[in-house]
Amino acid sequence: MVWLVAMTPRQSSLCGLAAHGLWFLGLVLLMNATARPANHSFTRERSANKEENEIIPPDHLNGVKLEMDGHLNKDFHQEVFLGKDMDGFDEDSEPRRSRRKLMVIFSKVDVNTDRRISAKEMQHWIMEKTAEHFQEAVKENKLHFRAVDPDGDGHVSWDEYKVKFLASKGHNEREIADAIKNHEELKVDEETQEVLGNLRDRWYQADNPPADLLLTEDEFLSFLHPEHSRGMLKFMVKEIVRDLDQDGDKQLSLPEFISLPVGTVENQQGQDIDDNWVKDRKKEFEELIDSNHDGIVTMEELENYMDPMNEYNALNEAKQMIAIADENQNHHLEPEEILKYSEFFTGSKLMDYARNVHEEF
């Protein structure tokens with residue numbers, strides 16, 4: 001039975017207001033939900049790739065000057081200045097709070113409290129922040145190793161890893177495991193075969209003598225993060241030289257190092273990007289990598305340059321970072337300068353630096 005209830009004019013008015021209020025609330029929630037679509041998209045993408053990223057060596061290594069493909073690490077200065085606090089200066093941060101955070105960092109770097117940062121102070125800070133990235137990688141590796149070592153015996157074979165890798169690519173884990181166990185040919189595309197070949201070479205390099213093709217947790221860390229192992233760092237350098245070396249002499253000339261990636265320049269914007277590529281790599285080659293300035297970079301020079309725990313490199317980096325913002329040319333970094341050049345140090349441009357420096361400090 002359905003009961004029909006007649007409403008008074010006042011009740012009708014209240015219901016109308018309630019409906020209007022609900023509509024407005026829904027609109028506000030909808031606007032809020034769609035205000036940052038890029039962030040939500042990134043979160044979904046990150047979640048979808050989480051399993052794969054856990055077991056595949058990353059292309060980007062925090063605190064290392066070159067990417068795995070030989071490209072310059074554009075975020076290097078921010079990584080060695082901010083350490084674990086990289087996300088604390090994103091575009092959505094409130095400027096005043098970001099300025100204060102930057103001045104807190106300044107005070108920590110300024111060990112002798114003279115309100116100036118020297119090259120030595122910056123060097124020690126860079127080493128400390130690099131160590132933070134190392135510790136973070138070790139911490140994450142424990143979780144990643146657990147993902148490929150489900151039985152918890154402390155060792156992972158190449159076949160066990162291969163099963164997990166192909167499963168992360170969408171293959172049926174049980175079918176892949178059975179095929180490997182029965183020595184059957186794996187039905188994977190050519191690109192996946194090539195990736196597997198590269199990963200196998202890297203796996204063998206990470207397997208410390210005596211080689212048994214079983215990686216421990218420490219060896220798996222070297223597999224994912226070659227910067228943690230001298231031997232794997234050498235392997236990474238060889239891979240980069242192999243990709244860039246055009247005449248086969250196992251060293252790099254300036255033209256080889258600055259050669260543009262495969263592709264054509266289609267417009268002025270593309271031309272500007274390519275011009276910056278050449279300019280940045282030429283400066284890096286001549287000022288930092290080619291230590292004896294003979295116009296040739298050997299594997300040893302490239303290895304020293306890429307070693308994130310090289311104190312001499314950290315000092316050179318400190319001097320370079322100070323020089324970028326040292327407007328009064330006193331070879332020190334002062335509060336006004338670091339705020340003015342905040343984009344270089346943090347990735348965010350913090351406006352009104354001169355007006356706010358004394359207040360924030």
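Positions of Cβ are set from backbone N, Cα and C atoms, glycine also.
What TrEMBL says about this protein:
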DOMAIN    97-132  domain 'EF-hand'
DOMAIN    136-171  domain 'EF-hand'
DOMAIN    232-267  domain 'EF-hand'
DOMAIN    277-312  domain 'EF-hand'
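Averaged across the domain 'EF-hand' (97-132), pLDDT in this predicted model comes to 95. Helix, strand and coil counts from DSSP across the domain 'EF-hand' (97-132) read 27 helix, 1 strand, 8 coil. Secondary structure of the domain 'EF-hand' (136-171), assigned with DSSP and counted as helix (H, G, I), strand (E, B) and coil, comes to 24 helix, 2 strand, 10 coil.
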